[in-house]
Amino acid sequence: MGKISRSHWGISLISLCIVVGQLMDSCRTERTNVGLIYENTNPDLEKIFHLAIDKANEENEELKLHGVAVAIEPNNAFETSKKLCKMLRQNLVAVFGPSTNLAARHAMSICDAKELPFLDTRWDFAAQLPTINLHPHPAQLGVALMDLVSALGWESFTIIYESGEYLATVNELLQMYGTTGPAITLRRYDLDLNGNYRNVLRRIRNAEDDSFVVVGSMDTLPEFFKQAQQVGLMTSDYRYIIGNLDWHTMDLEPYQHADANITGMRVVSPQNEQVLEVAKALYASEEPFQNVSCPVTNSMALIYDGIQLLAETHKHINFRPIQLSCADDSTWDKGYTFVNYMKQLTLNGLTGTIRFDNEGLRTDFQLEVIELSVSGLLPIGQWSTENGFEMNRPAAAHTLEPDMRSLMNKSFVVVTAISEPYGMLKETAEKQEGNAQFEGFGIELIDELSKKLGFTYTFYLQPDNKYGGLDPKTGEWNGMLREIIDNRADMGITDLTMTSERESGVDFTIPFMNLGIAILFRKPMKEPPKLFSFMSPFSGEVWLWLGLAYMGVSISMFILGRLSPAEWDNPYPCIEEPTELENQFSFANCLWFSIGALLQQGSELAPKAFSTRAVASSWWFFTLILVSSYTANLAAFLTVESLVTPIEDADDLSQNKGGVNYGAKIGGSTFTFFKDAKYPTYQKMFEFMDQNPQYMTNSNQEGVDRVENSNYAFLMESTTIEYITERRCTLTQVGTLLDEKGYGIAMRKNWPYRDVLSQAILEMQEQGLLTKMKTKWWKEKRGGGACSEEKDSDASSLGFANLGGVYLVMFVGSCFASVYGLINCLLSVLWTSLENKVNFKDELLDELRFIMQCSGNTKAVKYPKNSGSSSSSSGSGDKSKEGSSMSVDSLPEDQSVVDVEAVKEKRAKK
């Protein structure tokens, strides 16, 4: 009994351990849900939320975070409460709240009632359990602003704030000089609540201060600075400090070349490798910071850091969340413990070192101080709660090269021509004026050069849209080049080719794009399938050798079958001592045996001798490999669609192969190239174009349309062909480049800024900026990429044209068999009527009646042979055998009547 009891307890203990282990495993692998409530005006928050979760799960295989995100209307408290209550049923471990104040406060109250951790990313002064505020504390930001004002040596200034919630931030600034120091003016700019700040800005302009601290939200700051520029507050007389950590995400380009000094702080630095990695993943770009503004906002970075904080906390404590409901008093009893542990953690994230005080506020952090310059945002120092502001300004402007300074604050007039994608008019419903009406690769290139070198520019359009050249009759320049020579324009940019003729009148920068003349033609057409395309897997030589091999094996089987004694059989097993033997391998049967093996169908013939079996085995092995090879290649040859084009290169074009005519743009550099060419093929092509002016065009667009609608090829620059073939999927480039040349920016002869512009273009090439610009305008803008979709990988279905030869072979074979069968039937009936002396017509009708019945597989013998005839001599027996085979066509050609009695008498005598 004791043994049984101990055994019973042992089994129970083992079972208990197994159950506990399974429960622990299930808890360990259970999904942990994290909630996010975000405004539908900022969908990037959801993107980085899921990106952060994927990154955390990737770094910790045991961690199984899952994001539950819902969008709300901004400041919609009712919608926030409704959607959060619904999310609580999904066993959340924490919630990231919305960024608008009213919605965030409602979400925070619900999480407080349910003791659920709430991670806040807002600008907020107070925190309550169980809340963690990831945003740097506004009071500490006020200290940072005060340190920055002191470091810059401002003696008096005006604080411009948006609304009352920002007063606590500027409180430190208001008290920094006490009651005896310089006066500090305080003005609120969002008074009318309608987005019009000009009245306030005019009063500020009329005051004596020239230094301003601006504190506001990103909803109003962009419009504030736009209107400040309109009223004249963005000149060199004014200085600004911006107290918003997201100001670097604004479009700062309009203020780069304004002389106002703008300084601010940010917590997200593009120089941070982790920030760059996240931005690349988020925007699928290798250079997410190629513009002045940074795409990763403060809120996005804080959400990313919050997820990493949760993941780090989950490594140390693994509490199982529970389902909560707003309809009862249920709470998560582990929520406060979870928050308290997060407060004790320290980690490095996108926003620097993350550390909290006892209230869950982020009062210890670092900021990067930046200044807006003509080349973009420039770091000038660091600020931290421990060390304050530390200046680290780069070298002053006087260390720049003299030539670089020579373009600073200069203004130039640039002429352009409409040519996609180099210079185009914007497609907008509203009428645009000035530079705003143009866009394109050339327009953007001038803009990037102006940012780099500090000059301003004004575009205007060439009236006749001609690029320019030397008129051979008058000897004068025309087009854009004439505008530059006559000093009406300082620079000219479009797809302007650098030629020796043009360089005699103007100067060019180094090429910003290299190219060559190429041929634009329609894409190759699909060749219709051949009737006997099923023979394509093998060449004609293989088919010939296959036929010879078939005949050779058949003949070998026939000869070896007659030579081998084992192939001679007794046709009548009942006769032990036959007078004759039979061989199954007649020549017809050898042909049938070989073709049956080749077509993988077999036959009823089975070789018996070693020699015939050896031949048969080698033939079977041969057909196995051959048929397998044929089958493997058949699908490819039947489905492949051959492409045919009448021309492959310039030589074919010069010979007008396929009746293809060709031309180029009248007066363009392409036509000039053929005119001056020394190569015979190019000279021949020029003669053709010169003698056939009807094939010349006035514009590239006219040539492209001709190629698309007729049997015509157009000669033009390869880069333009690349642009066209990205949008017109029926066209392609044929052959290789006919020459090499480049596009450059044209300017007056001996213009002093040529080398400076060339150096800047070279730097842009080395940085890869020109390549990115080309990708943008060629493959993304204005319908680009329309012809770059991946081809369908599924095999195309076979039509009758692909398999027509197979049907033809079957039809011809069936017809041949039918004709042969009919002739054989007629000859058999004729032979029977002659042998039995009956009427041929009656015999044929009887035979046809029997055939038309289509029933029964047996046939009565109409004219049986007399049994006595079989006892005659062997010679007469042979004749009887032949006659039997002809009179009864349903029996094989063998001895139908056997004289058994004669055989018995013969044996008795022996």
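Glycine is treated like the rest: Cβ placed from N, Cα and C.
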>> Looking at the L-glutamate binding annotation from TrEMBL, with T497, R502, S669, T670 already listed, which candidate in E448, E717, E722 is the matching residue?
In response: E717
> If you look at what TrEMBL says, which of C787, C815 makes a disulfide link with C729?
Replying inline: C787
>> As a quick check of your reading of DSSP, tell me how many residues in the domain 'Ionotropic glutamate receptor L-glutamate and glycine-binding' (421-486) are helical, how many are strand and how many are coil.
In response: 24 helix, 13 strand, 29 coil
> Can you tell me how far the Cα of I647 (site 'Crucial to convey clamshell closure to channel opening') sits from the Cα of K675 (site 'Interaction with the cone snail toxin Con-ikot-ikot'), in Å?
Replying inline: 22
> Who are the chain neighbours of the transmembrane segment (542-561) in space, where the CB to CB distance is under 8 Å and they lie at least 6 residues beyond its ends?
Replying inline: 535, 567, 583-587, 590-591, 593-595, 598, 607, 609, 611-612, 615-616, 619, 622, 626
> Fewest other CB within 10 angstroms, which one of the recorded positions I647, C729?
Replying inline: C729
> What's the CA-CA gap between C729 (disulfide bond) and K675 (site 'Interaction with the cone snail toxin Con-ikot-ikot') in angstrom, rounded?
Replying inline: 31
> For C787 (disulfide bond), which residues in the same chain are close in space, meaning a Cβ under 8 Å from its Cβ, but six or more apart along the sequence?
Replying inline: T725, E726, R727, R728, C729
> For K675 (site 'Interaction with the cone snail toxin Con-ikot-ikot'), which residues in the same chain are close in space, meaning a Cβ under 8 Å from its Cβ, but six or more apart along the sequence?
Replying inline: F686
> Under DSSP, is K675 (site 'Interaction with the cone snail toxin Con-ikot-ikot') helix, strand or coil?
Replying inline: helix
